[in-house]
Amino acid sequence: SFPVPLPRKRRPQPCPHGADKPPQPPVPRPRSKLTESTPFDNFLDPSAPRPVLKTEEQTEEEAKMRKLKRGATLLWFKETQVQKVMQDDGAFPSWLHGMISRR
């Protein structure tokens, strides 16, 4: 069994407020520095840089990289995960489609 902690000897005292000052509202917690941006946020800040249109070469390169990554992911799945999720009849469970169609 684990040791039981001893009870406190004194109760913590509330912060003393001056008789002439009403109690202050609590300090708000700081908001996260991470904010969700929307497509409309750029219109609010005219000094924000404008998006640069990609060249056809950059778009093709990105498509090639996506294809390579997808192939690597499928290979990893076949090598490590298929045995865990495949049913006896060789079919995949219906919930798997919902899992793999999201990123």
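Yeah, the Cβs are placed from backbone N, Cα and C, and that goes for glycine too.
The region 'Disordered' feature in TrEMBL is assigned to 1-65. Here TrEMBL flags 3-63 as domain 'Nsp2 transmembrane'. What TrEMBL lists as compositional bias 'Basic and acidic residues' is 53-65.
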Contact set, same chain, for the compositional bias 'Basic and acidic residues' (53-65): CB under 8 Å, 6 or more residues outside the stretch: none
Counts by DSSP class (helix H/G/I, strand E/B, coil) across the compositional bias 'Basic and acidic residues' (53-65): 10 helix, 0 strand, 3 coil
